[in-house]
Amino acid sequence: MEQIAFRMQLDPAQAAEYERRHDEIWPELVAALKDAGISDYSIFLDLSDGSLFAVLRRRPGHAMDALPEQAVMRRWWQAMADIMRTNPDASPTASPLRRVFHLP
């Protein structure tokens, strides 16, 4: 399994709301992520500036690149757009992170 990480940006004043929305994540979104080959997905928040650090594993042959085409993914992005930095299509702005250290 490949592990990837990326950074997103939350409005720092919306930390509690971001966590609440993820505590109530839609079952159909969870299913779409798993069906795309994603597992062990965690998001960490830096409360000082709203930086989000996400890390996940994806299986070989994953379908992660097809997620933006799924209606549930687009609905989730719209639901989160009021509290995050987003692209014109409401997807969160995300910057890939390069691993610089790993302790197996």
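If you go along the chain as it appears here, the first residue is 1 and each next one adds 1.
Using N, Cα and C of the backbone, Cβ positions are placed for all residues, glycine too.
As recorded in Swiss-Prot:
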BINDING   Y18, Y41, W76, W77  substrate binding site
ACT_SITE  H22  active site, proton donor
Practice item. Can you grab the distance from W77 (substrate binding site) over to H22 (active site, proton donor)? Cα atoms, rounded to a whole Å. Key: 12
Review point. For substrate, what surrounds Y18, Y41, W76, W77 with a Cβ no more than 8 Å from their Cβ centroid?
Key: R21, H22, I25, L29, M80, P92
Study note, to complete from the structure: Rounded Cα distance, in Å, between H22 (active site, proton donor) and Y41 (substrate binding site) is 12
Exercise for review: Just name the most isolated of the binding-site residues Y18, Y41, W76, going by other Cβ atoms within 10 Å of its Cβ.
Suggested key: Y41
Revision key, fill the gap. The largest Cα to Cα distance in Å among the residues Y18, Y41, W76, W77, listed in the record as binding substrate, is 17
Check your understanding: When you tally the Cβ atoms that lie within 10 Å of each candidate's Cβ, which of the recorded positions (H22, W77) has the highest tally?
Key -> W77
